[in-house]
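Checked Swiss-Prot, it gives:
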type	residues	note
TRANSMEM	1-21	transmembrane segment
TRANSMEM	39-59	transmembrane segment
TRANSMEM	63-83	transmembrane segment
TRANSMEM	92-112	transmembrane segment
TRANSMEM	118-138	transmembrane segment
TRANSMEM	165-185	transmembrane segment
TRANSMEM	195-215	transmembrane segment
TRANSMEM	225-245	transmembrane segment
TRANSMEM	252-272	transmembrane segment
Amino acid sequence: MEPIQGVVLGIIQGLTEFLPVSSSGHLVLVQHLFGITEPALFFDVSLHMGTLLAVLIVFRKDLGMMAVSVGRGIVAMFGGIAPRSDRDAEGLKLALLIVVGSVPTAILGLGLKQVDHLFFSLPLVGAMLLVTGTLLWLTRDRDTGGVGVSGFSKGRAFWIGMVQGLAVLPGISRSGATIAAGLFLGLDRATAARFSFLLCIPAIVGAELLSAVDLFSGHARLDLATVLGSLTAFVVGYGALKVLIRIVQQGRFYLFAPYCFILGGVTLWIGMR
């Protein structure tokens, strides 16, 4: 792979991993239009590591808070001491919600992955992009109300995790579906976006660990295209994530819907020719 190809794929990965337009849907469409074969596993894993790093940096304060809170909670459990502050209580609850949401994601995601070769057809991708667009469009009616972490129930976390598992289907945007689900379930905008991206961390790590098993059984080669692609995915992904969080908080999440409708329609047309 040429270095410029690595950069281009890094840009696509960085943008579509976080913006609610479906990274898998774009991958299938680009491969079909340009006759590109699936990227080497090591290159694909490297791109995802770049976008994962972007999430870790953007949400480093939340991750640090949860780590400290869980640590203090463990000490308190054995020492019979209650958590020290409201911040500890919030960190413990947020960590628990992520665990609850990750369980259905893992079960449903792993189940669908066993038959994912059946899903990568252009008509299906087009139809799922239309579904994504519809979900995004419906969020325009969500006002600024809703609950934060304090009112966030485990049931809500479970259903958002289910939605994330379904995002294995190409054309369904993970961020779009989970943020929309959070809004529909009564979360406020900031909490819906915050939980969506925190919930994606164990999902990405789990998927990459599974890929690493195959990776180490093959031949991995670090070249310039891989390095540039990973760095590009990180930089572009960081910027895309910051922009998307601001858009969600401003109540303009639905603005991505027309793009999904147009791309979904074009994909359906190409797939059924």
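First residue shown is number 1, and so on along the chain.
Just so you know, glycine gets a Cβ as well, placed from its N, Cα and C.
On a predicted model such as this, the values are computed, not experimentally measured, just so you know.
Thinking about packing and proximity, how do these listed features fit into the structure?
Through the fold, the transmembrane segment (92-112) approaches residues 62, 65-66, 69-70, 73, 83, 119, 149-150, 152, 154, 157-158, 160-162, 164-166, 168-169, 195, 198-199, 201-203, 206-207 of its own chain, all at least 6 residues removed from its boundaries and within a Cβ separation under 8 Å.
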For the transmembrane segment (252-272), I need the partner stretch with the highest count of C-beta pairs below 8 angstroms, choosing only from 1-21, 39-59, 118-138, 165-185, 225-245.
118-138
Which range out of 1-21, 39-59, 225-245 gives the transmembrane segment (118-138) the most CB pairs under 8 Å?
1-21
So, taking each listed stretch (1-21, 39-59, 165-185) in turn and counting its Cβ pairs to the transmembrane segment (225-245) that are under 8 angstroms, which one gives the highest count?
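Between the candidates 1-21, 39-59, 165-185, the best contact partner of the transmembrane segment (225-245) is 1-21.
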